[in-house]
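Trainee: Below is one structure. I have some questions about it.
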Amino acid sequence: MTAVAPRLENYAEPTRPAPTGGARKGTLAWKMLTTTDHKLLGMMYIVMSFVWFFVGGLMALLIRAELFSPGLQFLSNEQFNQLFTLHGTIMLLAFGTPVVWGFSNYILPLQIGAPDVAFPRLNAFGFWITQIGVVAMLAGFLTPGGAADFGWTMYLPLADSIHSPGVGGDFWIIGVGATGVGTIASAVNMITTILCMRAPGMTMFRMPIFCWNIFVASVIVLLIFPLLTAAALGVMYDRKLGGHIYDPGNGGAILWQHLFWFFGHPEVYVLALPFFGIVSEVIPVFARKPMFGYIGLVFATLSIGMLSMAVWAHHMFVTGAILLPFFSFMTFLISVPTGVKFFNWLGTMWRGHISWETPMTWTMGFLVTFLFGGLTGIMLASPPLDFHISDTYFVVAHFHYTLFGTVVFASYAGVYFWFPKMTGRMLDERLGKIHFWITFVGFHGTFLVQHWVGNEGMPRRYADYLESDGFTTLNQISTVFSFLLGVSVIPFIWNVFKSYRYGEIVTVDDPWGYGNSLEWATSCPPPRHNFTSLPRIRSERPAFELHYPHMVERMRREAHIGHH
């Protein structure tokens, strides 16, 4: 790692503004409440996402502690149900989706050379309505009947007023609706920003891969989140106003499953695609090479976006109410463009001069973990196998390998990669490596064994099991490693706090030395409107061409940079 990029002749060193002295108390809080600055909102999204990530992680530790040995330990069945319901919801709707908007809010306008997002006030509205929704869901714990306890999938009839009469369920539905509105607002903003605010010369096929992935994910959001919000309000209508939308005579549980999973499976790609984009930004910088197969990577992203709408019912194989061959085939098919992306990433690293700074280490953790999750997904796509392991811990393990592998590993890669751009200071490399290895070992120790305990027949969402079932040893291994995974956030939190105050100051535009996209062509942190001047944009690597002009003609001659 170098905090000092190679100097060029006539290169004017950017100056870092000095602190302006002590501000009045409450100034920061008022600034956050009223801001429409995409950079501050992006950091607020990221910080709050990680706060909710830690809350969801504590719930997970309580779940794992309860499953350490047979018999109920310290949670009742109802409390256990509430915890796994809120754990899943928090991780998906309060961490996974908002952290996408955190990175996209901060980085995307910089990458396309825009001064801000298209709708700054809508941006602020989306952030605050999302946080209100999350608080509403968690407020269920304060009600007499406790929080929602019907699972994060809200299956009916478990979620109707007869089986879940408490107010906590109503709070949960309100929270889902509010977070849905915030997500839709952010998606509209990103699509409009990309289509209308690109800098001169920034054609669609000169955009960074991260921007393409945010664009496709935002389009998916507009297609699925209104459906989730409407379907959830339908459940509320049944619960509170005596509606009969989900009566068994009208389709009941199967109708809800179709509506929910038509949202639920594309949502997995809303979570995955932006993080594919992050690793697609990290790998070329630390492999010292252009992205291999840029056009193919873009079309793989578009293919995933289209196919994501055609696989939802693979969650419903065991209902007997769907056409198994079609959904099995489509599930196998959607793995093809994802495999193409792996070849692009590996091709970029192939014969590159790889530098193992912390962002690249996290990216390799992503590649390994997500590959495992993808392979178990191929297994689950086969109905004969799925019949036996559906609703077991095998599915839990697969789900965590795909989502933790993408969202968490790539989020950490993004934080370590862009922290100097956001704050003007470097994170500590040694603490970053410690953080990575504790997380990597803790994660795989927790979830690898869950494949085996699921294959032995342990059902998910049960608070208890018998000693004679033979699940005890594997559950104990999983629980011990889950606490190691919980401990892994300590070096991360310490690293962020320490580096924000005392980290090595970045004095150049590009502390990594080989950045490609436009965010590396402005100061760290950027000025209020992002750029004092924009370089000429002739390819998808404008910052690299700005810093290494003598390389441009040679690379074009050797056809390393495409003419888009």
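Heads up, the Cβ atoms here are built off N, Cα and C, so glycines get one too.
Residues or ranges marked as region 'Disordered' in Swiss-Prot: 1-23. Per Swiss-Prot, the feature transmembrane segment maps to 43-63, 83-103, 122-142, 171-191, 214-234, 259-279, 292-312, 316-336, 360-380, 399-419, 434-454, 477-497. Residues or ranges marked as Fe(II)-heme a binding site by Swiss-Prot: HIS87, HIS400. Per Swiss-Prot, the feature Cu cation binding site maps to HIS265, TYR269, HIS314, HIS315. Taken from Swiss-Prot, the feature heme a3 binding site applies to HIS398.
I'd like these features described in context: how deep, what's nearby, how far apart.
Mentor: Nonlocal intrachain contacts for the transmembrane segment (43-63), taken as residues 6+ away from its ends with a CB within less than 8 angstroms of a stretch CB, comprise 32, 35, 75, 80, 83-84, 86-87, 90-91, 94-95, 98-99, 101-103, 105-106, 127, 131, 134, 138, 408, 415, 422, 482-483, 485-486, 489.
Through the fold, the transmembrane segment (83-103) approaches residues 42-46, 48-50, 52-53, 55-56, 59-60, 62-63, 75, 126-127, 130, 133-134, 137-138, 140-141, 147-153, 172, 175-176, 179, 182-183, 186, 190, 210, 214, 217, 267, 270-271, 274-275, 278, 403, 407, 411, 414, 418, 461 of its own chain, all at least 6 residues removed from its boundaries and within a Cβ separation under 8 Å.
In three-state terms derived from DSSP, HIS400 (Fe(II)-heme a binding site) belongs to a helical segment. The Cβ of HIS400 (Fe(II)-heme a binding site) lies under 8 Å from the Cβ of GLY373, PHE443, THR446, PHE447, GLN450, each of which sits 6+ residues away along the same chain.
Within its own chain, the transmembrane segment (171-191) is flanked in space by residues 85, 89, 93-94, 97-98, 101, 104-105, 108, 117-119, 122-123, 125-130, 132-140, 143, 147-148, 154, 214-215, 217-219, 221-222, 225-226, 228-229, 232-233, 235-236, 239, which lie at least six positions past its ends and keep a Cβ under 8 Å from the stretch.
Below 8 angstroms of C-beta separation, residues 100, 104, 108, 154, 173, 176-177, 180-181, 183-184, 186-188, 190-191, 194, 243, 245-246, 256, 259-260, 262-263, 266-267, 269-270, 273-274, 277, 301-302, 304-305, 308-309 of the same chain, each at least six residues beyond the ends of the transmembrane segment (214-234), sit close to that stretch.
Under DSSP, HIS265 (Cu cation binding site) is assigned to a helix (H, G or I) in the three-state scheme.
Within its own chain, the transmembrane segment (316-336) has Cβ neighbours under 8 Å at 254, 257-258, 261, 303-304, 307-308, 310, 374, 377-378, 381-383, 386-387, 390-391, counting only residues six or more beyond its boundaries.
Counting residues 6+ beyond its ends, the transmembrane segment (360-380) has Cβ neighbours under 8 Å at 275, 279, 282-283, 286, 314, 331-332, 335, 338, 342, 345, 354, 386, 389, 394-395, 397-406, 409-410, 412-413, 416, 432-433, 436, 439-440, 443-444, 451 in the same chain.
All protein chains included, HIS398 (heme a3 binding site) registers 24 other Cβ atoms within 10 Å of its own Cβ.
Here the transmembrane segment (434-454) has Cβ contacts under 8 Å with residues 64, 358, 361-362, 365, 369, 376, 389, 392-398, 400-401, 404, 408-409, 412, 460, 471, 474-475, 477-478, 480-488, 491-492, 495 of the same chain, all six or more residues outside its ends.
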Trainee: Which residues of the chain, 6 or more past the ends of the transmembrane segment (477-497), have a CB below 8 A from one of its CBs?
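Mentor: Result: 54, 57-58, 60-61, 64-65, 67-68, 412, 415, 419, 427-428, 431-432, 434-435, 438-439, 441-447, 449-450, 453.
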Trainee: How about long-range neighbours of the transmembrane segment (292-312): same chain, 6 or more residues beyond its ends, C-beta under 8 Å?
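Mentor: Non-local partners: 205, 209, 212-213, 216-217, 219-220, 223, 258, 261-262, 264-266, 268-269, 273, 276, 280, 327, 330-331, 333-334, 336-338, 340-341, 343-344, 347-348, 350, 540, 562, 564.
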Trainee: Tally every other Cβ atom lying within 10 Å of the Cβ atom of HIS314 (Cu cation binding site).
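Mentor: Cβ-Cβ neighbours of HIS314 (Cu cation binding site) within 10 Å number 23.
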Trainee: Report the residues of the chain - excluding HIS265, TYR269, HIS314, HIS315 - with C-beta within 8 Å of the mean position of the site's C-beta atoms, for the recorded Cu cation site, in sequence order.
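Mentor: These residues sit around the Cu cation site: TRP261, GLY264, PRO266, VAL268, SER308, VAL311, TRP312, THR331.
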Trainee: Cβ distance under 8 Å to HIS315 (Cu cation binding site), same chain, sequence separation 6 or more: which residues?
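Mentor: Spatial neighbours, sequence-distant, of HIS315 (Cu cation binding site): GLN257, TRP261, GLY264, HIS265.
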Trainee: When you rank TYR269, HIS314, HIS398 by Cα distance to HIS87 (Fe(II)-heme a binding site), which of the binding-site residues ends up on top as the closest?
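Mentor: Of the binding-site residues TYR269, HIS314, HIS398, HIS398 has its Cα closest to that of HIS87 (Fe(II)-heme a binding site).
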